[in-house]
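What TrEMBL lists as transmembrane segment is 44-67, 79-103, 115-133, 145-162, 198-219, 279-306, 318-338, 345-367, 379-404, 416-438, 444-465. Annotation comment: TrEMBL describes 50-469 as domain 'Major facilitator superfamily (MFS) profile'.
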Amino acid sequence: MSISKDLEVGQGLQSDLKQPLISKGKEVILSTDSSSNGKDGGSIWMVLLSTFVAVAGSFEFGCAVGFSSPTQSSIRHELGLTLAEYSVFGSILTIGSMVGAVMSGRVADSIGRKGAMRISGGFCMIGWLAIYYSKGSWSLDIGRLAVGYGIGVFSYVVPVYIAEITPKSLRGGFTTVNQLMICTGVSFAYILGTVLTWRVLTLTGLIPMLIMLVGLFVVPESPRWLAKVGKQKEFEEALRRLRGKDADISEEAAEIEDYIRTIESLPKVKLLDLFQRKYAYPLIVGIGLIALQQFGGINGIIFYAAETFEEAGSSGTVGTISIACIQVLVTAVGATLMDKCGRRPLLLVSISGACFGCLLSAISFFLQSQDYLTDFSPILALCGILVYIAAFSVGWGAIPWVLMSEIFPINVKGTAGSLVSLMHWFGGWFMSLMYNFFMSWSKTATYTVFTAICGGTVLFVAKLVPETKGRTLEEIQASMDSTIASKSKSADEK
């Protein structure tokens with residue numbers, strides 16, 4: 001899964017970095033409200049605390065994704081797992097995540113954002129304990145599946161909760177923290193996995209969940225959810241706790257309630273409704289970007305990085321620590337560049353860099369297979385994979401999800417997000433399951449295919465993906481509608 005938000009977060013449709021989210025059923029819907037930004041004396045400390053508690057779930061997400069890389073050889077050796085059994089263990093996380101992501105909207109709307117986070121935390125803790133006490137593959141898989149379900153719900157509810165509690169002026173920076181904490185969790189697992197046994201590393205996954213479960217007793221529920229379910233008194237109390245006791249919340253409260261009424265009045269859209277000509281362009285862009293992202297190899301490389309480095313003749317420890325150091329820094333840089341450089345240029349640069357990294361790795365594995373330049377090929381493989389990870393993290397991981405929140409009309413945004421999310425998790429499952437088998441078949445061919453997919457993605461972006469920087473959602477929709485109309489006219493003339 002994308003960790004830049006693979007990771008970030010998918011997983012339902014996430015927010016634009018500068019706009020709030022409102023959930024509706026399984027939907028995540030962009031809000032364009034002009035809510036209070038806290039300038040009228042509101043306190044920011046409760047928002048900071050609430051965000052800290054919520055992103056413990058994002059950190060847990062990263063820990064779960066990063067766990068399978070440094071532990072592969074030790075788990076297989078201690079429990080006697082075959083390559084196929086370990087591949088199932090690694091990939092079943094995405095099956096649980098897929099189920100969690102599909103159910104997350106309904107769960108979060110039924111019992112609230114805090115209630116959804118509590119349930120997710122419980123699943124993660126049970127899962128980690130099952131892995132810790134495992135004596136064979138079955139208990140490993142059940143534990144990994146439970147953790148997957150928990151992080152699948154987190155992938156939806158954490159960014160939604162953060163976007164719903166933060167003032168408009170701070171929303172972009174606060175929602176970016178979600179992605180950064182996922183990357184930090186991956187790096188945490190990579191680094192600690194080089195010095196701890198796999199069972200002890202399992203127990204570290206309990207720490208963020210304990211922090212979250214305790215913290216949820218202190219922080220308020222999402223005011224927008226409380227307003228949506230008609231809890232007027234609790235809604236006003238929660239909003240006042242977040243903005244400060246002396247802040248004037250009347251304007252923001254009125255805007256939230258008006259927006260929720262507007263969303264409730266929109267017609268329900270079914271999955272089959274997406275396959276109309278008027279939605280074809282955004283659907284092709286959305287599904288295409290996510291499918292190409294997943295089949296470009298990211299989950300296989302992230303899930304089994306240590307083993308990949310060792311097969312290339314490099315040190316698995318050095319390789320994973322290098323990824324851990326690069327990933328968080330580059331993701332933070334990418335978040336700052338997105339609005340400065342634009343989505344499309346940064347995406348083209350990012351994918352081109354990933355293509356180059358895969359090409360270097362393919363060349364390295366080819367040299368290794370020919371027993372040529374044996375001292376040089378491991379260094380080339382290390383550099384190639386690090387270039388791929390850095391390039392992916394700077395844009396390709398996060399930008400597709402930002403575009404998802406911008407290119408779909410508001411009335412289909414939630415349904416389209418569900419479809420895109422399913423493609424994301426399916427691609428993640430397929431790649432994390434099959435990567436080891438592909439590498440056993442031919443390392444050179446595997447990375448050559450990844451290179452070709454990355455190259456094809458560059459062409460896809462250049463030809464089809466629109467630029468959305470500095471444009472309102474209405475302007476983006478008008479532009480895409482005109483493109484669809486012109487293509488339909490051309491087709492009719494032919």
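Cβ atoms here come from the backbone N, Cα and C positions, even for glycine.
At the 8 Å Cβ threshold, with sequence separation of at least 6, the transmembrane segment (279-306) lacks contact with the transmembrane segment (198-219), having fewer than 3 such pairs. Contact count against the transmembrane segment (115-133) (Cβ pairs under 8 Å) is highest for 145-162, out of 79-103, 145-162, 345-367, 444-465. Residues 46, 49-50, 52-54, 56-57, 59-60, 63-64, 67, 70-71, 74-75, 78, 114, 117-118, 121, 124-125, 128-129, 131-132, 147, 185, 188-189, 192 of the same chain lie 6+ residues outside the transmembrane segment (198-219) yet bring a C-beta within less than 8 angstroms of a C-beta in it.
Taking Cβ pairs closer than 8 Å, the transmembrane segment (444-465) reaches residues 281, 284-285, 288-289, 292-293, 295-297, 343-344, 347-348, 351-352, 354-355, 358-359, 361-362, 365-366, 369, 384, 403, 435, 438 in its own chain, all 6 or more past its ends. Each residue in the domain 'Major facilitator superfamily (MFS) profile' (50-469) has a pLDDT score, and their mean in this model is 88.
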